[in-house]
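Undergrad: Structure below; questions to follow.
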Amino acid sequence: PRPEPEPSPSRPKPAGTAQASISRSPGLKIPSLSRGFQAEPSRHITKRKEYVEKEMKNLSYIYRDPETKSGAYRSTSVVEVFAAHQQVITKTDTFHGYPAGGLSLCAAAHKRALKLWRTGNGPTKDTKTSFVRKPWAARTAAHYKVVSKLSERVWGEIHNASKAAIGSVEVDATADESEIEDPEDLVQLSESGDEAM
């Protein structure tokens, strides 16, 4: 099996494996930012805020290498969230096609986690704890428009990377309706062979 994609040197991941504590299904684990932000140097609010701003800029959180906008939907963070989805679907005997909807939802959920940390302080207990239809359904659909065009080779890379990441941990993905739409449909498939024919 192919190892998990490496974080880009231009975008270091927060120190440590990230964790939170909400699960919709027993044993389902999804990574988040909380635990990683408790290790140095990410313990400082300004460092966390800078990290989130950098990840959000130009949809950097989507790309394996955000500087060249290559490796769409193969960033370490998105792959870790997708690994949680893989934990469930790999238990089925029947292949129902590539899980484009699952990957799209994972990308939207990771963005929500980033938004919860945008101030550097992270979510509070009084944060509205719902990953609601508005605005996240539209954002997931925008990702789906791109993800549904990924090639078989890219799906193989994503699958292998997520298999290596299985065992990641849980995330608290909540939403508020005050946020504006973001241009997820501007994600670029820049590498030769990224797009299905």
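The backbone N, Cα and C atoms fix where each Cβ goes, glycine too.
Please treat TrEMBL annotations as automatic predictions, because they have not gone through curation.
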Undergrad: For the annotation region 'Disordered' in TrEMBL, which listed range does it cover: 68-93, 172-197?
TA: 172-197
Undergrad: Would you report the average pLDDT that the model assigns to the domain 'DUF6532' (36-143)?
TA: 84
